Amino acid sequence: MSFQTNYIHLADEILSGKTSISYEQALEILNSDENWWEIYAAALYLKNQVSRNNIRLNVLLSAKQGLCAENCGYCSQSKESTADIDKFGLLPQNVILKQAIVAHQNGASVFCIAMSGTKPSKREIEQLCQVIPEIKKSLPLEICLTAGFLDREQLHQLKQAGIDRINHNLNTPEENYPNIATTHSFKDRCDTLERIHNEDIDVCSGFICGMGESDEGLITLAFRLKELDPYSIPVNFLLAVEGTPLGKYNYLTPIKCLKIMAMLRFVFPFKELRLSAGREVHFENFESLVTLLVDSTFLGNYLTEGGRNQHTDIEFLEKLQLNHTKKELI
């Protein structure tokens with residue numbers, strides 16, 4: 001399919017504040033054929049005009065694993081998963097602090113603490129509210145927390161403790177949500193994001209691509225998330241885990257994944273777009289191209305799935321001449 005939009009011109013119009021990408025133009029990107037590389041070049045131009053060759057590094061700690069009452073079909077920690085994973089309660093505070101120190105030493109500027117479960121207990125919130133100030137006092141790290149459907153009081157406590165950001169992904173389009181999880185709804189996720197906003201905490205929210213969503217659904221989801229004004233957008237590509245309902249699910253191709261990221265770059269030109277889980281698997285020889293499009297990425301492992309050695313990640317970024325500093329986006 002050839003396309004009608006001049007995407008370099010569109011990028012300039014976006015940069016000048018004159019316009020933003022339309023639904024139709026976003027769909028055109030996903031449907032592009034032989035001229036996809038022209039769109040990629042325009043998306044890269046857009047990224048470089050905003051944040052140059054800077055990339056921020058995130059390290060993820062699985063601080064509580066398994067034992068989850070939700071039934072998310074992609075997740076090895078859900079109650080319906082038979083995946084062989086370690087299961088444990090919230091790690092002791094000294095262990096979390098030690099892992100934060102290691103993250104800082106490895107060049108991370110963001111330390112992500114992830115907890116399984118519907119939401120933390122009162123005791124777990126108290127523990128988090130003790131360790132967060134300790135990390136902030138001793139290390140120049142931003143802290144992002146993933147902890148399920150946090151209520152207003154829990155968010156207020158975390159805000160007082162100094163949390164920088166809360167992650168709560170929308171994951172998949174609303175019409176696809178019942179195919180992925182039934183113990184909660186898409187609305188439950190949107191409501192959680194609203195509560196985070198209301199406590200004046202930065203929102204980190206994104207997607208898991210490759211779970212049966214349509215192109216139209218993915219674009220609608222992106223525009224819905226844009227309305228919620230996230231600080232950062234982690235983009236995951238399904239890591240099909242044996243023992244989960246989506247364990248044999250895989251219809252993504254490297255070029256499709258690259259088009260998705262180019263589209264999201266146009267939808268979120270001034271936000272922190274993060275390349276997350278699945279990059280090592282789905283992009284194959286295109287991983288260099290997609291890494292140049294984003295503002296941040298993860299070092300090392302994910303939750304229950306392995307990533308790359310962190311030093312290998314750093315070497316890869318340096319070969320691309322990306323500056324992994326701790327500077328904020330322009």
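Residue 1 is the first one shown; counting continues down the chain.
Just so it is clear, glycine is given a Cβ too, placed from its N, Cα and C backbone atoms.
In this model, the domain 'Radical SAM core' (53-276) carries an average pLDDT of 94. Residues or ranges marked as domain 'Radical SAM core' in Swiss-Prot: 53-276.
For Cys68 ([4Fe-4S] cluster binding site), applying a Cβ distance below 8 Å and a minimum sequence separation of six or more within one chain yields Cys75, Gln77, Ser78, Lys79, Ser116, Gly117, Thr118. What Swiss-Prot lists as [4Fe-4S] cluster binding site is Cys68, Cys72, Cys75.
For the recorded site, Cys112 ([2Fe-2S] cluster binding site), the DSSP three-state label reads strand. Swiss-Prot lists Cys112, Cys144, Cys204, Arg274 with the feature [2Fe-2S] cluster binding site.
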Legend entry - Cβ contacts of Cys144 ([2Fe-2S] cluster binding site) (under 8 Å, same chain, 6 or more positions away): Asn58, Val110, Phe111, Cys112, Ile113, Ile163, Asp164, Arg165, Ile166, Asn167, Cys204, Ser232
Inset, instruction - Run through the Cβ atoms and count how many others sit within 10 Å of the one on Cys112 ([2Fe-2S] cluster binding site). - result: 23
